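Here is the structure we will look at.
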Amino acid sequence: MTVTADLNVSARDKAPGDVPRHVAVIMDGNGRWAVQRGLPRTEGHRAGVAALRRIVRHSAARGVEFLTLFSFSSENWSRPAAEVGFLMSLLHRFVRRDLAEVHRQGVRVTMIGEREGLEPSILGLILEAEELTRNNTGMTLVVAFNYGSRNEILRATRKLAVRVAAGELSPGEIDEATISANLDTADLPDPDLIIRTSGEQRLSNFLLWQAAYAEFYFPDLHWPDFDEHALDEAFAAYAERDRRFGGLSAKVAR
Ligand code: IPE
Ligand code: IPE
Ligand code: MG
C-alpha cells in the first residue's frame, strides 16, 4: 500500500500507523523568538512553556505513545546564571501549575538525564511528578533534563564495568541490548521521529544511541511558534518517509 502525500489531511484521518509511536523534540529557538520581538530571552522561555502544554495535549490526542522533550541539556549549565535560574523557576512553576492537569490527562511522566548532583529541590520536583503519575496508562511524557547523551552512555558504561569487575558479567555477554538496558531510556522504545525547531540541524548531544534509525524533521519555526498544525505537518511528513532499517522497502512498488 502506498501513502499519498496530502498535507491537508489531518493525522486523525489517517491510519494510526502514520503517527509515530515515539516522538522526541529538541525544543529550540526560545531565545531567538524573544530577541526577534525585542523581548528578553526569558520571555521566549515563558512562551516555550505554553507551546509545550499545547504539544503535550495534542500528541496525546493524536495517539502518540511516548513524547520525549529536551528541556535542559547537561551543557545548558554554561548559560548565564540568571537564565539558568529562570529555567529552574519555570520547572518549579510547571510542576506546581500543570502537573495536576497532566495527571488528569492520564499522562505518565518520567525523566531521563543525570540525577546525581541535582539540587534536592529540583530532584524533588522530578520525583514528585514521576510518583504522582506512575500508574497512569496514557501517553508517557519523557522529560530530558540535565540530559546529555554522551554522559548517559558514560554512566551506562561505568555500570557495566562495575558488573564485569565484580564477575557478574563477562565482556562477551555485553551486546546491544545490554547497553540499551543500561541507558536512562531502558524502558522506552527508540524514537521514531525527532523534531528540532529553530532551523538548526544538529542533535546537540540528544539520544545519540537511540536515534540510530530515527526520522528527522527540521521545521523552520522557533519553539514558541510550534503549534498543533505544525505537529500535524510533521506527522504528515513522517507518514511519507520510507523506513528501511538497512533492509528493503516494506512498501509495495508504486
Ligand atoms: C531552547 O531555546 C530552550 C533551552 C535550551 C533551554 P534556546 O534558549 O536554546 O533558544 P535559542 O536557540 O538561543 O534561540
Ligand atoms: C539543545 O539546544 C538543548 C535543548 C533544547 C534543551 P541548545 O540551544 O542548547 O543547543 P545548541 O547549543 O544550539 O547546540
Ligand atoms: Mg538553542
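Keep in mind that glycine also has a Cβ here, set from the backbone N, Cα and C atoms.
The structure displayed is predicted, hence computed values, not measured ones.
Summarising the annotation, TrEMBL assigns Mg(2+) binding site to Asp28, Glu215. Under the heading active site, TrEMBL lists Asp28. What TrEMBL records for 29-33, Arg41, His45, 73-75, Trp77, Arg79, Arg196, 202-204 is substrate binding site. The annotation active site, proton acceptor is assigned in TrEMBL to Asn76.
Projection of TrEMBL feature records onto the structure.
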| residue | record | Cβ contacts under 8 Å, 6 or more apart |
| --- | --- | --- |
| Asp28 | Mg(2+) binding site | Arg196, Thr197, Ser198, Glu200, Ser204, His222, Trp223 |
| Gly31 | substrate binding site | Arg41, Gly44, His45 |
| Trp33 | substrate binding site | Gly44, Ala47, Gly48, His222, Trp223, Pro224, Asp225 |
| Ser74 | substrate binding site | Gly113, Glu114, Asn146, Tyr147, Gly148, Asn151, Asn205 |
| Asn76 | active site, proton acceptor | Val84, Leu87 |
| Trp77 | substrate binding site | Val84 |
| Leu203 | substrate binding site | Ile26, Ser149, Ile194, Arg196, Ala211 |
| Glu215 | Mg(2+) binding site | Pro20, Asp192, Leu193, Ile194, Tyr238, Arg241, Arg243 |
According to DSSP, does Trp33 (substrate binding site) sit in a helix, a strand, or coil? helix
Just the recorded positions from Asp28, Trp33, Asn76, Arg196 whose C-beta lies under 6 Å from any atom of ligand 3, please, or none if there are none. Asp28
Can you tell me which of these binding-site residues sit near ligand 2, meaning the Cβ is under 6 Å from at least one of its atoms: Asp28, Gly29, Trp33, Ser74, Arg196, Leu203? Asp28
Taking ligand 1 as the reference and 6 angstroms as the Cβ limit (strictly under), which binding-site residues among Asp28, Gly31, Glu215 are close? Asp28, Gly31
Neighbouring CB atoms within 10 angstroms of the CB of Arg196 (substrate binding site), all protein chains considered, total 23
Binding-site residues: Gly29, His45 - member with fewest neighbouring CB atoms within 10 Å: His45
